Amino acid sequence: MELDPIVLARIQFAINISVHILFPSITIALGWILLFFKLRYKKTQNEQWMNAYNFWVKIFALSFAIGIVTGVTMSFQFGTNWPGFMEKTGNISGPLLGYEVLTAFFLEATFLGVMLFGQKRVSPFVHNLATFLVAAGTTFSAFWIIALNSWMQTPAGYVMIDGVVHVTSWWEAIFNPSFLTRLAHMLLASGLTATFIVAGISAYQIMKGDPADSTRKSLNVCVVAAAVLIPLQIFVGDMSGLLVREHQPDKLAAIEAVWKTESPAGLSLIAFPNEKTRSNDFDIKIPYLGSIILTHSLDGEIKGLNEFKEHPPVAIVFWSFRIMAGVGFLMLLVSWMGTAQLMRKKEIGPKMLKAFFVMTFSGWVAVLFGWYTTEIGRQPWMIYNLITTAETAAPHGVSVMTTSLLIYCLIYAFVLISYFSALFYLANRTVKNNIALEKQGA
Amino acid sequence: MDAATILPVIFAGLMLAGVFFYIIFDGYDLGVGLLFPFMKKREDRDKMIATIDPFWDANETWIVLGIGVIFIAFPQAYGDILVALYIPTVTMLAGLILRGAAFVLRHKAQENHREMWDKLFCLGSYIATISQGVMIGLYATGLNHTPANWVFALCIGIALCFGYIILGSAWLIFKSEGHIRLFATKAIKHSIFLAFLAIVLVSMAMPYTSSIIYQKWFSMPNIIYLSPIPILCLILAFIIFKNIKFIEKDTSYKRDWVPYLLSVLIVLCTFIGFGYSMFPYIIIDKLNIWEASSAPKSLEFVLWGVVLVLPVILLYTFYVHKIFGGKIVHDREVGY
């Protein structure tokens, strides 16, 4: 790839969306975790639940705010970088984004104020309600944005008139073939991201000597939640695979680096796809496994890249998918071992604490690489089989695009570093406070 | 009239409403950021921020609605406008990201970084405000990148700073007490003068940059029909000025909300003027709202949402402002 404005526009948008997706993928599920903490407090009147809430709500506020500003950026970049996207698909993408703003953005952003600053001004019931509405808002938000993204992958309910998309059925457009699976996949991904971050940071705090029961409680809740969510995620991921095979066979061929149609198909565990020779330079392949996983039969056919005139870049999609899936299996391993230990010994031991700490941001890694698989796997299409990415790009010059890309990169790097540093600063400060409190008590 | 005629008009109104709400809401918190350099003590800045703490996230959201209506209803124009406004858009977003991050981190970050976050909050507010002014300026002159238009747009950028400072200081009078409130009265007095000076200059520059808007305003008999708008602005500014005197004298004055309400009305007047200047164009002299609009079927679908949901949004926005009604005292225990 050379340095042309379209590539630059793609890099710019990809960086923006990569940074943005990190924060909703925490807040969607963390909102519900916070509500759980509050409801436990209401039921048990155990202050520790409230302490857990009070710590994690700070991280929530931080993540939410950065999610908002990077989200605002995204809504502008649709226009600055992809004017053709709205011109050609505005009739469908406009209303979906519109409903996101109307039903989700305002709800979450407005009640966040009550959630963060209203403890003393409203009754506990209203405060719980505000917490619920914020969590519901973030989830609605995912609903609409995934509806749009999913429509871009598997468009339905439309006709093309003079190169512009017109809707024929809203129901079919929203509930397009891959929507529900994709939504479930994203919500579970958020669940895993948030539970692993809470577990990882709590593990870190305990390793630093945090004596508080609230930290143990957060850890245990999230370890168990992760252990429940991960098999569901693997199941939904498998369903996604079947849908990709049905609706986007070129993406599947790239994910599996299958250059020529195979039946029965093997599964490459590791391969180095080579676009020039149109084959894999190195390949460790398990026979039949591809057919078994992807077609749920012994000799099912997997279409090869040879059947498509254009197809997504193979190596990057192949590896992105493997990183995502690999991280997923690590999550399964760690969370199940943690849960088993919890059931046997009632407590997570030092070695498992370390494992959870190492896995703190594993959800982010999986989400990012999952997203690269699905989005880069859609190329060269913006709307699958309908409108190419190149058709929608803005006619900016290289110098403008490079400068703005640099500005974005610097700011995002700065914001991300600050976010991490604040996260660990808050964690350490809480540990210190908890140690001081225990000394006072003793 | 059929749906294809009336729907774009409705959505043009909604777009204006979205941007209007953005300006009156985010305007005050950008204004508070713009006032930061005049506050030397950290605790005073904390008190200023405390007044916007519960509302900040929601305020920021209105810009998404404003821009949202453009991409929902006028997708053709959305691309054209943002492509033409690429540079100020990037700087505005950079400013908004900076101040957003600074806003949440100034309290949560390490003690020795806090001074830096305050500076960045202020810097981000200036960058965002000036960029927004430049966007408005370039937009009003038909998105032509001539040097004259850019100078004009930069003037609007500076004028907008005064505008937001008016909103910000009126907000501080409304929501704070003691010396912050008194500081705000001084700020509003200065900024009103400067804002009006800026408006006069901009009006003088108008014929050189946009002949269409000039003709709309300064030809007979339009000038007579339209004269109430600037006159009303002047009257409102005068009332604010008079009102400030009572506020300065009386610390227990009951009508601290008056300057903010009147500033909002001034913004409303300018919006009516702006809407009149633009109509029926979405890009002046190039693209009208009917040419740019989405299919009626799509607009109808969204209109249902707007009719059903927007009242609810306004209701809970009002409710939350009521929860945090009255003066907001800075208290570390209350927030996170």
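Cβ coordinates are placed from backbone N, Cα and C, and glycine is handled just like the others.
Any TrEMBL annotation is an automated prediction that lacks curation.
Long-range contacts of the transmembrane segment (A:13-35) within the same chain: residues 53, 56-57, 59-60, 63-64, 66-67, 70-71, 73-74, 77, 81-82, 108, 128, 131-132, 134-135, 137-139, 141-142, 186-187, 189-195, 197-198, 221-222, 225, 363-364, 367-368, 371, 375, 405, 408-409, 412, 415-416, each at least 6 residues beyond the stretch ends and with a Cβ under 8 Å from a Cβ of the stretch. The transmembrane segment feature in TrEMBL is assigned to A:13-35 (among others).
The feature transmembrane segment is assigned by TrEMBL to A:55-76 (among others).
Positions annotated as transmembrane segment by TrEMBL: A:96-117 (among others).
Panel annotation: around the transmembrane segment (A:129-152), residues 24, 27-28, 31-32, 34-35, 38, 89, 92-93, 96-97, 99-100, 103-109, 111-112, 114-115, 118, 122, 173-174, 176, 178-179, 182-183, 186-187, 190, 378, 382-384 of the same chain, lying at least six beyond its termini, place a Cβ under 8 Å from a Cβ of the stretch. For A:129-152 (among others), the entry in TrEMBL reads transmembrane segment.
The transmembrane segment annotation in TrEMBL covers A:183-206 (among others). Long-range contacts of the transmembrane segment (A:183-206) within its own chain (CB-CB distance under 8 A, at least 6 residues past either end) are made by residues 24-30, 33, 56, 59, 139, 142-143, 146-147, 150, 215-216, 218-219, 221-223, 225-226, 229-230, 232-233, 236-237, 240, 331, 338, 348, 352-354, 356-364, 366-367, 370, 423-424, 427, 430-431.
Residues or ranges marked as transmembrane segment by TrEMBL: A:218-236 (among others).
Counting only same-chain residues 6+ beyond the ends of the transmembrane segment (A:314-334), those with a CB under 8 A from a CB of the stretch are 192, 196, 226, 230-231, 233-234, 237, 251, 254-257, 268, 270-275, 305, 352, 355-356, 359, 362-363, 365-366, 369-370, 372-373, 376-377. Residues annotated as transmembrane segment in TrEMBL: A:314-334 (among others).
TrEMBL lists A:355-372 (among others) with the feature transmembrane segment.
Under 8 Å from some Cβ of the transmembrane segment (A:405-427) lie the Cβ atoms of residues 8, 11-12, 15-16, 19, 55, 58-59, 62-63, 66, 70, 73, 201, 204-205, 208, all in the same chain and six or more residues away from its ends. The transmembrane segment feature in TrEMBL is assigned to A:405-427 (among others).
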## Note on the structure
Sequence-distant residues near the transmembrane segment (A:96-117) by C-beta distance (under 8 Å, 6 or more away from its ends) are 31, 57, 61, 64, 68, 75, 126-127, 130-131, 133-134, 136-138, 140-141, 143-145, 147-148, 151, 173-174
